[in-house]
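Report on one structure; see the data block that follows.
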Ligand code: RTP
Ligand code: MG
């Protein structure tokens, strides 16, 4: 059975010109792209996307970062797509992320870790509605 996940190439990934690299890894894994857009995130959308972290000490910085430049949002589909993409992304802290993962290969700082992937079917549904109401 197929499921969908929301993937973001965060502004650091766009700035460093590794959007193609990330998409290539998604496609090579066998996952399918069902929506893709380059956009600047309004602050309200960013706050809503990361609502689970509001009140945490890094929340302000996280919202500043994710709204600080264009990002690429994608809806990705496949069997166990949520888990599959998070395995490609690697651990949240890029220093702990295994080499061979996106974060393990391209990042050093937890606040600039290149990609986002939904963490559960409930998050995926909420996030896809937020970014791509026409696809959800
Ligand atoms: P994401 O939501 O961005 O895919 O990342 P994640 O699930 O791996 O991690 P999550 O716990 O949801 O955290 C969201 C983002 O917040 C930043 N963060 N900073 N300074 C810190 O201790 C800290 N903890 C988290 C990271 O950029 C993380 O991706
Ligand atoms: Mg998360």
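Numbering starts at 1 and runs along the chain as it is shown here.
A Cβ is built for glycine as well, from the same backbone N, Cα and C atoms used for every other residue.
Model, not experiment: these values are computed from the prediction.
Record note: TrEMBL gives 10, 58, 86, 92, 113 as ATP-binding, and the candidate from 4, 80, 103 in that site is 103. With a CB cut-off of under 6 A applied against ligand 1, the recorded positions 86, 92, 103, 113, 116 are reduced to 92, 113, 116. Under the DSSP three-state reduction, residue 92 (ATP binding site) is assigned to coil, being neither helix nor strand. Of all the binding-site residues listed here (92, 113), it is 92 whose C-beta has the fewest other C-beta atoms within 10 angstroms.
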